[in-house]
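According to TrEMBL, the features are:
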ACT_SITE  E128  active site, proton donor/acceptor
ACT_SITE  E234  active site, proton donor/acceptor
DOMAIN    13-245  domain 'Xylose isomerase-like TIM barrel'
Amino acid sequence: MFKDIPLLERYGKAAKMGFKLVELPFGYTEKPEDLKAAADQNNLHHVLINAKNDDNKGKLGLAAVKGEEDLFKQCIGETIRYAEVLGVKVVHVMAGDGDPIKDLDTYKVNIRYAARELAKKGFLCVIEPINPHFRSTYFLNSFDQAKNIIEELKEPNLKLLFDVFHCQLICGQITFQINRLQDIIVLNYDLFFGHIQVSQPPHRNEPDTDGELNYEYVFRVLKALGKDWIIGGEYFNVKDNADWVKKYGLEF
């Protein structure tokens, strides 16, 4: 959201729309103290950040990139420093580009390392499949793949970040996938139980814009599970409001 304005100014914009919680995908161009100050000035709380990767040089992560293991570890260390300053409990560790078969061992070793380092600080490590139409070379592009890795590694703080937009473009069957994957989406932490990201396919705008999904139904499915989900609006905003929140019976 708010890609047309500088990062530190986006906090005020989000607050004016009514938001109280924010995600920070790529914030390493700013000092963590400045990010925390911007959030505090607008009564906002960070709930999720992406792990640092290669100084934001266009890479979507390093976990599956063979030969970059040392850099990956350095980035996890820097991520933890940011997370501690920002008060974040959830870190999304992105895979980067890679072959789902040839680079699987590299990915598993790195994700295990990240999960264990984050666990030392009481943080959650989440992974997220990204649809191949968005980035064809991204390593993690299947929910089955993510599920198998999480279940194999058996790290207590390793969970799934479920993005409805990516799910629709990867495999569809949103209701089936939510119910099938709920055990690895659930985040047993004090702040919340589960984290879901939403946007409207195919253009990735607000959930109540024209598109492929009936979000009234999607949110009803989530509510039926009886969990206090945190819903992240990961979309390209075309409106100056977030009326969809109240429209679908949600709260900021």
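Any Cβ shown, glycine's included, is placed from N, Cα and C.
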Any same-chain residues 6+ apart from E128 (active site, proton donor/acceptor) with CB under 8 Å of its CB? Would you list them in sequence order, or say none?
H92, M94, L140, A146, L160, L161, F162, D163, H166, Q197
Spatial neighbours of E234 (active site, proton donor/acceptor) that are distant in sequence (at least 6 apart) but have CB under 8 A:
M1, E23, P25, D163, F165, Q197, V198, S199
Summarise the model's confidence over the domain 'Xylose isomerase-like TIM barrel' (13-245) as a mean pLDDT value.
91
Assigned conformation of E128 (active site, proton donor/acceptor) - DSSP reduced to three states:
coil
